[in-house]
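Asker: Features from Swiss-Prot:
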- 1-141: domain 'Globin' (DOMAIN)
- 3: phosphoserine (MOD_RES)
- 11: N6-succinyllysine (MOD_RES)
- 16: N6-acetyllysine (MOD_RES)
- 16: N6-succinyllysine (MOD_RES)
- 35: phosphoserine (MOD_RES)
- 40: N6-succinyllysine (MOD_RES)
- 49: phosphoserine (MOD_RES)
- 58: O2 binding site (BINDING)
- 87: heme b binding site (BINDING)
- 108: phosphothreonine (MOD_RES)
- 124: phosphoserine (MOD_RES)
- 131: phosphoserine (MOD_RES)
- 134: phosphothreonine (MOD_RES)
- 137: phosphothreonine (MOD_RES)
């Protein structure tokens, strides 16, 4: 459960991401594909090379979903309901992949926002991303 301090930290950190959200989302996906090659199996139709338009496009979708989650942090299940349905019923993404992408996103944010990425912010973002993952996998049951 996110504390009020966690919510404040997440909103402040995501605010610093600003117009780079899509870029950071794509970078996190690239990190995931390189570090965890089995995740590529969900994207057989994508050009997964560095800087590809498809990876950039999906990175923007990831970032937009996270922005939606930040904006609706008190009601993520409702805000992410359609996305949860998509991943559970149509795409059938293995839930472990949300943890892998979350890790890669944390690394990406730490690399780009070193001053903001304090231990407290790191912990808050980690809890937030775990909450997003829980919401996205809630309809698997």
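Quick reminder: no glycine exception, Cβ is built from N, Cα and C everywhere.
Distances, neighbours, how buried they are, the whole picture for these features please.
Answerer: In the predicted model, the domain 'Globin' (1-141) shows an average pLDDT of 94.
The DSSP secondary structure for residue 3 (phosphoserine) is coil. The local packing around residue 3 (phosphoserine), expressed as other Cβ atoms within 10 Å of its Cβ over all shown chains, amounts to 10.
Counted within 10 Å of its Cβ, the other Cβ atoms near residue 11 (N6-succinyllysine) come to 14, all protein chains included.
Its Cβ taken as reference, residue 16 (N6-acetyllysine) is surrounded by 14 other Cβ atoms within 10 Å in the chains shown.
In three-state terms derived from DSSP, residue 16 (N6-acetyllysine) belongs to a helical segment.
Annotation for residue 35 (phosphoserine): spatial neighbours 100, 104, criterion Cβ-Cβ under 8 Å with sequence separation of six or more.
Taking Cβ-Cβ distances under 8 Å and a sequence gap of 6 or more within the same chain, the neighbours of residue 40 (N6-succinyllysine) are 33, 48.
A coil conformation is recorded for residue 49 (phosphoserine) in the three-state DSSP classification, outside any helix or strand. Within the same chain, the residues at least 6 positions away from residue 49 (phosphoserine) whose Cβ sits under 8 Å from its Cβ are 55, listed in sequence order.
Cβ neighbour count for residue 58 (O2 binding site): 17 (other Cβ atoms within 10 Å of its Cβ, all protein chains included). Residue 58 (O2 binding site) carries a helical DSSP state (H, G or I).
Long-range Cβ neighbours of residue 87 (heme b binding site) (same chain, at least 6 residues apart, Cβ-Cβ under 8 Å): 93, 136, 137.
Taking Cβ-Cβ distances under 8 Å and a sequence separation of 6 or more, the neighbours of residue 108 (phosphothreonine) in its chain are 24, 27, 28, 31.
Within 10 Å of the C-beta of residue 124 (phosphoserine) there are 22 other C-beta atoms, taking all protein chains into account.
Residue 131 (phosphoserine) falls within a helix when secondary structure is assigned with DSSP.
Contacts of residue 134 (phosphothreonine) defined by a Cβ separation under 8 A and a same-chain sequence distance of 6+ are given as none.
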Asker: Cα-Cα, whole number of Å: residue 124 (phosphoserine) versus residue 58 (O2 binding site)?
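Answerer: Rounded to a whole number, the Cα-Cα distance is 24 Å.
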Asker: How many Å lie between the Cα of residue 11 (N6-succinyllysine) and the Cα of residue 131 (phosphoserine)?
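Answerer: Pair distance, Cα basis, whole Å: 14 Å.
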Asker: List the same-chain residues at least 6 positions away in sequence whose Cβ sits under 8 Å from the Cβ of residue 131 (phosphoserine), in sequence order, or say none.
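Answerer: 2, 69, 76 - these are the non-local Cβ neighbours of residue 131 (phosphoserine), listed in sequence order.
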